[in-house]
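These features come from TrEMBL:
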TRANSMEM  7-31  transmembrane segment
TRANSMEM  438-462  transmembrane segment
TRANSMEM  474-491  transmembrane segment
TRANSMEM  497-517  transmembrane segment
TRANSMEM  666-686  transmembrane segment
TRANSMEM  698-719  transmembrane segment
TRANSMEM  739-758  transmembrane segment
TRANSMEM  832-852  transmembrane segment
TRANSMEM  858-878  transmembrane segment
TRANSMEM  950-969  transmembrane segment
TRANSMEM  1012-1030  transmembrane segment
TRANSMEM  1050-1068  transmembrane segment
Amino acid sequence: MKGLTVLSLLLWLCAAYFVGIYLFVGGFLLVRLEVNRTSACEDVLQPGAESADFCRGPPRFRRVVVLIIDALKIDFARFDPTKTAPRPYENKLPVLEETVSARPAQGRLYPFRADPPTTTMQRIKGFTTGSLPTFVDVGNNFASSAILEDNFIHQLGQMGKRVVFMGDDTWENLFPKKFYRSLPFPSFNVKDLHTVDNGILQHLYTTMMGDDWDVLLAHFLGVDHCGHRFGPDHPAMADKLTQMDGVIRSVMERLQDDTLLVVMGDHGMTDTGDHGGDSQKETDAALFLYSPSAIFPGPPTEDEPDVVPQTDLVPTLALLLGTPIPFSSVGQVLLPLFPPHEQTQGAVRPLSQLEALWINTKQVNRFLDTYSSLSSDIPPERLSELKASFSLLSSDYLGSVGAGRPPSPRLASSLQAYLTSVRDTCRATWARFNPAKMAAGLAVLTFACLACFVMSELSAVLTEEKRAGLKGPVAAALTVGVAVAAAQLVARGYVEAAWCLAAGAFASEALFLWRAWRLKRPAVSKNGAKAWKLSARRLLAPSLAVPLLRCASLLSDSYVIYEGRVVTFLLLSLALYVPVRLNWDGHLVPLTSDPLKSAGLLPSPALSPAAVRKESSSLIGCLGVLVLCACVSLSFHGCREEQGGCSPSPFLSPLSRLQDSQLKNLYYILSVGSLGVSAYLLRLWLCHYGNLNSSGGTAFAARWVLPLLCVCAGLHWAVGAAPEGGFRKLAELIRVAQLALPRAAFALLGLGLALIWADPLTVFLKTRTTASARSPALPPRYRASTGISPQAELHHLIPQIYQRMRRSLEDGELGGGEEDGRPAVEAYGLGTVYSAPLLLHCGLLGVGLLLLHPEGLALAFLLLLLEMAALLHIHAAAANLRGSPAASTGVFSVGWTPVALWSLAASQFFHSTGHLPTFPSIQWGAAFVGFPDGHSGTFLPACLVSLNTFASNILFAVGCPLLLFWPLVREVRGSRGVKGHGEEGEDVVMEMRLREKPHQFSAALLQLSTRYLFILGAQVFSSVCAAAILRRHLMVWKVFAPKLLFEASGFVVSCCFLLIGVTLVLRVDVAVGRWFKKLIPDASRTRSLGFSSKLPH
């Protein structure tokens, strides 16, 4: 078998796809241009005759205390005294409403609206720079890099303000060495509700009583972590909000008259405690402003804003503290905090509302002019409108001030409208695209899909020794890439790697397709295969039409929103097509007897009527299992914001969130039972085919590692379900168990996988005499038994060695018989030598991935296992009913229909494990399985979350080669073209047929892999097209961009694990070859056995 050829072709193909994805994403998800300018007190903003706009006059406040309560949504801050039975998160912060009602001149409470993405790092960046972080910035939430843009923290430092910080260590990463003093605490452990908050409280009050600070920042994380762990509707949330109420009261008691208190949330949370998207529950946080001295003219009026954008905090605090507004800020000052114009008379006075607005307007106009000179993002006509509007406002303001007249009552409203227009324009246009890179990525992906399809059709030709080399395409890629790099270096003085990759990939793909076009005609005549062509009739066949229809549907936002249910419908529709097509072709029911066939004048059917009835019943039964599993799996779906009235599955919540102990026990029993049934079914299959009789590493993993892994998972769930503080005497033991049990499970998983790779064979060799087993007329036979009972041995009797040896033995070449005492050899598990380690590999991976999910999804994983088995049996039964080509011609091939079903099932169970192509649906708790105290870096938690998110892609990619093996495993005895003897007919060779035809084995494995990659690649290509075509669509950042990122990431993960699955098959093939060499030494092949040493390899 040409394993290196298959792997090299697949690696080249995956690399081509990766380059195309990299190019398009690099052109589509660019960060907006950051202006490398800073504001200063000496700046003179035009137009105006003032010597300086910033820092003039005394600041209104000498100090500011900013309490950031992470995920403090506005619903948490409101108080409704009419509610007699409030929910756990309601009416727990009465101090805010009490202050606003009793002292309206000293406090205000506003909804504080964030711009998506609503992740902590982006929100900190937003309310410290006053800018609008773009969509792609969400990727930086794991690895927060320092903010280089002008920001409020930098301005405070420039003015000599002493900034003291304590809390979320994200601030240290964003503002390194910017604080006068800092006390950071690790922030990523969402299961830890108290460490950060308690650490802040140890230093907060003593710091306030000191005199070595001007700005105090405290970032509490308990509320956010409580939402992630338990959700908002949980008693733990009530306790945490009550604690925050006490903190706010204590801080207010310690404030001085010249100090402003800001209590704010950086974002909200959904009903499940998640955030990251743009739903109103995620974007609307709370903003509370208070000072012991009067800062508002009176109770709220109609002119006050209903909602305060988070970008407005920066210019407001900057002017209140007498510091410059950061250069790139697009926010507007919060007017109620500044006195009206007519109340600011005298030599020493604070800024009035109109003055603050005018400074703010000139600052935003300066940024707009600078940005438009550096970038062409903003449409010229819109830019002209904004400049004209600013000119009119300037004339109105300067005319009024210069003439000493009171300004127009509409001037303040006009200035506010201008600032709002600029912010809305920036928000609409700061999706900077690079059309050239996007076009290059589309081109490379187009050719990659075409090359993948061609490779699947010409797999038999490409695996031939003389034609399989990739030297030409690889050399072309290197040559063209180096040439483009040299040209860039000469023309520009620097090299942009993206264009080198684009040119190299395009040249390599073009050369491959040209060589494939030249190879196809001689390949057809030599191999006798039908010529391939991409005809409209072929594309309209359901096997390709259904996945292509799904790809086309990705251009619809409604389809993406309801994709989970639509994919289930497409899966079941295509599965129902299989028996319909078989019946249409006359294969589903036995044919009536024909005298001509009985007389031998017409060919006999491939299967006997009894075998046809048995296979048809098996197919219909498995189809029923598939329908049942698919329908039940809909109970595990999550909900998008756009799905009004949708309630997420209760199985998606960890057991620790459940308050009803009986329900918790029921869910736990169901989860452990599902896990046990999954492991039992896997062991039952291995036992049935004799693979557990071996003493090798793989059998050891099946007998011991798999059960122990399940036990660790069950114990881990039991420990995790323990209520917070419920077992105080066992708290330390529980903490140790939360750390040790999942790590022990991970160690067992690694051990099991290592044993499979080190010793993948599951064959048990048994030697015995055959005096009582055969008649003296028959020669000694070599056979492989798959069970331990005599009935199983007779039913699964297959030759042990190659087809040639089997024929030689039957023809009597070896001579001898019972009389000479020659032993017979039985090999248990040889018929499933390839599928057994691959299936066990999938089983161990499945249990490991299940550990990263909520406990309730154990039933979803059981359904996944049953659905995979049903699809494999449907595929095998259909192949048997059609007449297995492997038995008659030795040609192995997996059609498009089972591959399409396999890919649809992978997509279906992505949704049926609670995942969605949205950022709020990411199950962040996976990062802390086995690491309850958090991580020192970001790589490991990112890997754990990725494994959780793409578990379905991983399992179906690794198990994809099973589609090739299963028809051989379930090959029906008595198939036409298989010669032999026995009571029922012929021996079933099962997977040993692959050893008889190594070239066809390589070609079939390559064809199966490339067909699977083609369907996955077509889905990525469709997502890319949707994002490119609809890049100005209203829903692009809400629907299409997240879908693109999830589809591309899932494709990369699927490619990697498909290569792992194929490599494992090749590893087994090498082990089988070595096993045969040990079984039949070279010397004994000719001397003892009397058989030619020229065996097929």
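If you go along the chain as it appears here, the first residue is 1 and each next one adds 1.
Every residue gets a Cβ built from N, Cα and C, even glycine.
Note that the structure is a prediction, hence the values are computed from the model and not measured.
The recorded stretches the transmembrane segment (497-517) and the transmembrane segment (474-491) share 3+ CB pairs below 8 A when only pairs 6 or more apart in sequence are counted, and are therefore in contact. Within the chain carrying the transmembrane segment (1050-1068), a Cβ under 8 angstroms from the stretch's Cβ atoms is held by residues 1, 3, 6-7, 10-11, 14, 17-18, 21, 756-757, 760-761, 833-834, 837-838, 841, 906, 910, 946, 950, 953-954, 956-961, 1005, 1009, 1012-1013, 1016-1017, 1019-1020, all 6 or more beyond its ends.
Here the transmembrane segment (950-969) has long-range neighbours at 689, 831-832, 834-835, 838-839, 841-842, 845-846, 849-850, 852-853, 864, 868, 872-873, 875-876, 879-880, 884, 886, 892, 894, 898-899, 902-903, 905-910, 912-913, 915, 989-991, 993-994, 1004-1005, 1008-1009, 1012, 1049-1050, 1053-1058, 1060-1062, 1064-1065, meaning same-chain residues at least 6 beyond its ends whose C-beta is under 8 angstroms from one of its own. Using the rule of three or more Cβ pairs under 8 Å, pairs at least 6 apart in sequence, the transmembrane segment (438-462) is not in contact with the transmembrane segment (698-719). Per-stretch counts of Cβ pairs under 8 Å to the transmembrane segment (832-852) identify 698-719 as the leading one among 7-31, 474-491, 698-719, 858-878.
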